[in-house]
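Notes follow once the structure below has been shown.
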Amino acid sequence: MSNPDISVRNLWKVFGPGGEKIPKDASLSALSAAELLARTGCNAAVRDMNFDVGKGEVFVVMGLSGSGKSTLIRCLTRLIEPTSGRVLVDGKDVLEAGTGELRELRRRKMSMVFQHFGLLPHRTVLDNVSYGLQIRGAGKAQRYAKSREIIELVGLKGYEQHFPDQLSGGMQQRVGLGRALAGDPDTILFDEPFSALDPLIRRDMQAEVIRLHKEMGKTMVFVTHDLSEALKLGDRILIMRNGEMVQCGTGDDLVGSPADQYIADFVSEVPRADVLTLKWITGPVAFGTPADAPVLAAGTVIRDAIPAVMNSSCPVLVEDAGRITGQIDRDSILSVILGTEAAA
Amino acid sequence: MSTLIRERVPVRNTPPAAVRPQRRRLGRRTILLGGAAVAWLLGFIFLHGTATLNLPASELTDLHRTLNQVNAWVADNRADNPVFQYLLTPLRSAVDVVANLFTGIFAASTTGLRLPEIGWLGTVALLGWIAWAAGNIRVALLTVAVFIFFGLQGLFVDAAYSFALVLTAVLFTLLTGIPLGILAGISARVSKVITPVLDFMQILPTFVYLAPLALIFLIGPASAVIATVIYAAPPVIRLTAHGIRGIPADTREASDSLGTTGVQRLITLQLPLARRTIVMGINQTTMAALSMVTIAALIAAPGLGQVVVRALQSLDVGTAVNAGLSIVLLAIALDRVTTAASRRAEPGAARNRRISRRTRYILLGAGFVVVLAAIQLSRTMLWAAVFPKDLNIGPGIVDGVTAASQWLQTNLFFLTVSLREGVTNGVLNPFQSLLTDTPFYLLALVIIAVACALGRWQLGLVAAACLAVIICLGLWSDAMVTLAGTLVATSVVMILGVIFGVAMGRSNRVDQIMRPLLDAGQTMPAFVYLVPFLGLFGATRFTAIVAGIIYAAPVAIKITADGIAAISPTVMEAAVSAGSTPWQIITKVQLPMARKSLALAANQGLIYVLAMVVVGALVGAGGLGYDVVAGFVQSSLFGKGLAAGLAIVFLGILLDRMTQAAAVRPARKTAPGKPVRH
Amino acid sequence: MSRTSQLLKRTLPALAGTAAAALMLAGCGGATVNQAVAGNGSATPCGSVNVALNAWVGYTADAAVYSYVAQNKLGCTVTQKELSEQISWQGFGSGEVDVIMENWGHADLAKQYITDQKVAVDAGPTGNEGHIGWYVPPWMVQKYPDILDYKNLDKYASLFATSESSGKGQVLDGDPAFVTNDEALVKNLGLNYKVVFSGSEAALIQSFRTAEKNKTPLLGYFYEPQWFLSEVPLKKVSLPPYTPGCDSDPEKVACDYPDYKLNKIISKKFADSGSPAAKLAKAFTWTNADQNSVATDIQGGMKPEAAAKKWVDAHPDQVAAWLK
């Protein structure tokens, strides 16, 4: 990644007394979480984390509760003070920033959307959305004009004068989203934003995020414990366990070649045909496949390839960057679908 | 921020091995308690009357004589010591200026005819308007009615004095208390320093610091206000800090994530969200202030307290009840207005209004014109300046109550006397003798052993330190007299607490009937309780104990009822579906599950009873309370009174820590709960 | 909303009208504050006087007569403050108290406030002579003739025992604020007694009254001048006679109380102010009989003010002498 928006290097967060010594001490930092707790009473929530987030990318951090993902995202803007390491934003280390610089970063570069919304109950929707602008010192007319725009964008037009407790959960989170967007930040951080919502509303909100991402092209770091949400939204997904990164890659990387049994178990229930692309089932071109057989791109998701393969009397060729890399046929597609069902 | 930590820690910190040492602890506790009881009884029987450290009331120790000289020293140095010159005396003058301002406006100007600046009509109109603006029209009408009733009672000026002093005290309390509370809410370090100080201030019975304050600030309204500020500050400090600390972490985090500065966070987030809790604090502070302003009559605070003191001294039940009625009504008015104000302060309260904000402002403006007219009337017309004397129903009330109390005293004489003698001879005297006639070293060891059993060795250490201080102060025997009264009264309070608490917790209807009574009981200042019982039972320890029981019971009942009502309905359903009888449900499910609430009720009951037993020295409670009263009124006993005040504080700390330890005993891992004041 | 604003439009003028009417009303009819001020203020430049009110009826009688005369003959503004004896003295320093009308000894306080701090001055005797002592109801003297000697008290200790006196005989005292050596007396005379405080003069009186009526034993602290002695002639127990200085150490007292020449104390500032009320305070004297007559009226249910008026109206010459 040539010009990443955020670069995280050797990031540690250790809770507990004397936690600051642990990353430096090789004998301690190598211990497992349970051993570390037993030996030092400390809890390493984030361990030696390294990753880059590209401009305009949707980067998902996924893990079960307690895996350290929420701590990680808070370390990015130092809502939780990291123990050691570096977080580079636009080339500058956030950990080195002074109070003023940090505040500027929070005000203009990175906004956050929270699981429980964190709205101010004594302020109307309009005042909640314009809160960040007010904090920055924007004039009333200016911040209200901008906020009305944003409220329309997140689909809350007409609710400006409502108070948070008069809105449904989904609408409250739209306010949270609007508040994050109002400051026009480069990056938006999402901390499990939809896990407190009903499934139907969650689906709407996910669609909303995808739409906003398309329209505004912001960089997004999205924390979730829901794999299907991660696969749906993420350009790339980082899976965490006990504070450590287990695997980082695109959705079909994870499903197609899990790094270990943990990930394999994790992704076992995913409908693979919906996630995997053709490259994972491409076999060598068989003898006898006609040269004029239909061609599909290697990046096509398997489910989307089903009609073409079913309608073709012969195997279908797979092409990647203008080169034929192999072929697929009905058997290979069926095996993917069957495999999933067997696992389920 | 630490969802992660919270999720993990409890899982890892309960290794199954912890169960076994716990059982061994229980065994140790039983042995300790049993051993202590046996040692105590044996000591009482065989060493009866030895080493009792009894100090007759008129005798002093060297320490007391030394403390006596504090009195003389302050008197000699008041004029030229810099602490007095530059700090205490100007402070007193500043408070005096404000107090005089308010008493001048509402009660009586310092010159001329001594008419209130805005007359009774102006006062009624202005206060009604303020109640309307801060609360609603209903409390405004209540305020107007209550103040007119004061006039009818013939106590308008006294009530206005009390009100003016409460106002002054609350003003100063808020000026100091809210900033302190904010600091304590924001900074964990400030909170850590301030919390034990507040605990200490709340254990301190009101009576104890009147004498030292009168020494430093002389008598008069100014020192009354200062005493009141000390008494009334803890609730508002605590509740302000609590309100700020209680803001949900995610809301605060959301605000931080937008890059707020500390001041911005305070103004846009913390103060608005804590507003309701702060106003609740103001409510509690006001009630406390009224209670203290009444007692401060003993250091020449004008107002209703003076009337009560006079009635106490002439055993005039009628006058006392008349004045007590005023105090209660003033308390109710202050309570309702500040409660209405706190409702108004609730986030989003504005949107449920029937009339728009603009209409309200116009109406308030029009109302203010009426207020100005009333004030103008009061400043010109005599009938609007001084409440008309012909409209006085006070004597009627006084005579009626006096007649009733005379009747009670003559006709129930046998009943009240036999009740008093029965309880005193049957319960109080034997128990007191058990405490005072056992050698002090033995009893101290017994108490330390009980402390060790209730808590850990640290609590034993605290107990030992408290007892050592009491012994060094030379007041062991008096402290045991006070302890005996306090424990007897608290036992009764707990019995009442369990009976009524269970009834209220089980039945909504009982709750609905009882709760307003209890609320009224709690708003009544301590002083008011004394006189009727004095009339019935005479000046004895029994009277003080009865007053203490009545004073403390509402708190204990409420806490118990809340504890029982809070038991999950699922558990109750399970118990009912298992076919339990109501009695089984009470004894097997509700009481055991409300055990923590019961311990808390005992804790609060003790502190309340202790405070009352000390004030009860005015009606015959002996022990430390008597020493405080005597030290207050006899300069040769000043030092002893001071020492007795200290001894009460340490006795209070001892009882507080021990009952708190009992409260956390069932769940060992939880931190000791902060005492809740109501 | 529109309805409320309509309502508003209708009520506002009405309110304004009421207010205006009230103001108009103020202009005509009824006594005005200015008239009252003029009527009151013209008499003298007396100003205001703060009178401490101690908690026994005899004192109330003194204070009532003094206040009545100061208010009605001199035009002063009198404020009475309910205070215990020693607290009243503290009031001289802070300006809360100008006058104490009946002082019982208190040599220590006199030294502190008159000699050392110079905030108060002795305003001369009230003319009353005070006696403090231990008294029993008359019926006891008839039944136990030798009870009036303190040496025989131990013999009767069991008679006086109550639930408050932990097995010993009870000596019933009044308000803890009253001048008392009783605790020290019990100890230094080696008596098997315990001092119990009834809390007030009223409680003492009630106890003695009940004791005489029901013929129950009672030994208690009492004093004269006291109107109650004319209702029930209590008998005084003789203690070892008083000699000057025998009560100098309050912890070692073993003698009777002295005869008190009751006097008045006024604050230095008040004395120096030249106020006619200060002169009145110095001139005020009367007899035990005078005090008892006023006190009896007050105790009989008369307001102190009314009782004072009755006495003043009956003794115009004496009052005129004070005011000369």
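Cβ coordinates come from backbone N, Cα and C, glycine included.
TrEMBL: automatically predicted annotations, no manual curation.
Marked as transmembrane segment by TrEMBL: B:30-51 (among others).
Residues or ranges marked as transmembrane segment by TrEMBL: B:129-152 (among others).
Positions annotated as domain 'ABC transmembrane type-1' by TrEMBL: B:159-338 (among others).
Residues 95, 98-99, 102-103, 105-107, 194-195, 221, 224-225, 228-229, 232-233, 236-245, 262, 266, 270-271, 274, 278, 281-282, 285-286, 289-290, 292-293, 296, 301-303, 330, 334 of the same chain lie 6+ residues outside the transmembrane segment (B:164-187) yet bring a C-beta within less than 8 angstroms of a C-beta in it. Taken from TrEMBL, the feature transmembrane segment covers B:164-187 (among others).
What TrEMBL lists as transmembrane segment is B:285-305 (among others).
Sequence annotations record features per position, and here TrEMBL assigns transmembrane segment to B:317-334 (among others).
If you look up TrEMBL, you'll see B:361-386 (among others) marked as transmembrane segment. Beyond the transmembrane segment (B:361-386), the same-chain residues lying 6 or more positions past its ends with a Cβ under 8 Å from any Cβ of the stretch are 115-126, 128-129, 132-133, 355.
Taken from TrEMBL, the feature transmembrane segment applies to B:459-477 (among others). The list of residues near the transmembrane segment (B:459-477) in space but at least 6 beyond its ends in sequence, with Cβ under 8 angstroms from a Cβ of it, reads 52-55, 61, 63-64, 436, 440, 444, 447-452, 624, 627, 640, 643-644, 646-647, 650-651, 653-654, 657-658, 661.
As annotated by TrEMBL, domain 'ABC transmembrane type-1' applies to B:479-659 (among others).
TrEMBL lists B:483-505 (among others) with the feature transmembrane segment. Beyond the transmembrane segment (B:483-505), the same-chain residues lying 6 or more positions past its ends with a Cβ under 8 Å from any Cβ of the stretch are 427-428, 431-432, 434-436, 511, 514-515, 541, 544-545, 548-549, 552-553, 556-565, 567, 586, 590-591, 594, 598, 601-602, 605-606, 608-610, 612-613, 616, 621, 623, 651, 655.
Cβ atoms under 8 Å from those of the transmembrane segment (B:526-552) belong to residues 206, 291, 294-295, 305, 308, 311-312, 315, 317, 320-321, 324, 327-328, 405, 408-409, 412, 416, 420, 423-424, 428, 485-486, 488-490, 492-493, 496, 604-605, 608-609, 611-613, 615-622, 625 of the same chain, restricted to positions at least 6 beyond its ends. Marked as transmembrane segment by TrEMBL: B:526-552 (among others).
The feature transmembrane segment is assigned by TrEMBL to B:564-586 (among others).
Residues or ranges marked as transmembrane segment by TrEMBL: B:606-625 (among others).
The feature transmembrane segment is assigned by TrEMBL to B:637-655 (among others). When Cβ-Cβ distances below 8 Å are used as the criterion, the transmembrane segment (B:637-655) is approached by residues 58, 60-61, 63-71, 200, 203-205, 208-209, 211-212, 215, 447, 451, 462-463, 466-467, 469-470, 473-475, 478-479, 482-483, 486, 606-607, 610, 614, 624-625, 627-631 of the same chain, each at least six residues removed from its ends.
Within the chain carrying the transmembrane segment (B:285-305), a Cβ under 8 angstroms from the stretch's Cβ atoms is held by residues 103, 107, 155, 158-159, 161-162, 165-166, 169-170, 173-174, 177, 206-207, 210, 213-214, 219-221, 223-225, 227-228, 231-233, 235-236, 323, 326-327, 330-331, 334-335, 338, 523, 525-528, 615, 632, all 6 or more beyond its ends.
Residues 120, 123, 158-160, 326, 329-330, 332-333, 336-341, 343-344, 364, 367-368, 370-371, 387-388, 391-394 of the same chain lie 6+ residues outside the transmembrane segment (B:129-152) yet bring a C-beta within less than 8 angstroms of a C-beta in it.
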